[in-house]
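Some notes on the structure that comes next.
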Amino acid sequence: MDKILGASFLVLWLQLCWVSGQQKEKSDQQQVKQSPQSLIVQKGGISIINCAYENTAFDYFPWYQQFPGKGPALLIAIRPDVSEKKEGRFTISFNKSAKQFSSHIMDSQPGDSATYFCAAS
């Protein structure tokens with residue numbers, strides 16, 4: 001029984017190290033750059049957050065919203081064949097030639113206070 005438990009622990013440890021190594025490689029390459037780092041907007045204002053990418057093979061560009069103590073949730077996403085997509089007060093704009101996409105929140109509300117981040121894959 002001890003040998004089986006020891007083997008299970010070793011497999012789990014190796015998987016965690018592999019995942020950790022993968023994350024380091026991705027962070028070293030910095031797949032996307034988001035700006036600004038923080039943003040203060042008055043109620044009713046427009047929030048604009050930009051994201052730039054380098055890899056032209058990417059074909060999916062999501063924005064996520066994360067409230068304190070919660071996991072990230074997909075807010076809106078776009079593909080390169082569409083220049084703009086709207087969902088309620090949220091708009092995502094895509095500029096393929098500039099290799100960037102932007103998130104716009106119209107009529108910002110106090111309930112919109114959260115962490116927003118972009119991704120590309």
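Using N, Cα and C of the backbone, Cβ positions are placed for all residues, glycine too.
If you look up Swiss-Prot, you'll see 1-21 marked as signal peptide, on the strength of sequence analysis.
Annotated domain 'Ig-like' per Swiss-Prot: 30-121, in sequence order, evidence recorded as sequence analysis.
In the three-state DSSP classification, C51 (disulfide bond) falls within a strand. The disulfide bond feature in Swiss-Prot is assigned to C51-C118; the stated evidence is sequence analysis.
According to Swiss-Prot, the feature N-linked glycosylation site maps to N95. Contacts of N95 (N-linked glycosylation site) defined by a Cβ separation under 8 A and a same-chain sequence distance of 6+ are given as S83, F101, S102, in order along the sequence.
C118 (disulfide bond) has a Cβ environment of 24 other Cβ atoms inside 10 Å. Residues belonging to the domain 'Ig-like' (30-121) score a mean pLDDT of 93 in the model. In sequence order, V32, K33, Q34, S35, F61, W63, Q100, F101, S102, S103, C118, A120 are the residues of the chain that are 6 or more apart from C51 (disulfide bond) and have a CB within less than 8 Å of its CB. Each residue of the domain 'Ig-like' (30-121) gets a DSSP state, and the totals for helix, strand and coil are 3 helix, 43 strand, 46 coil.
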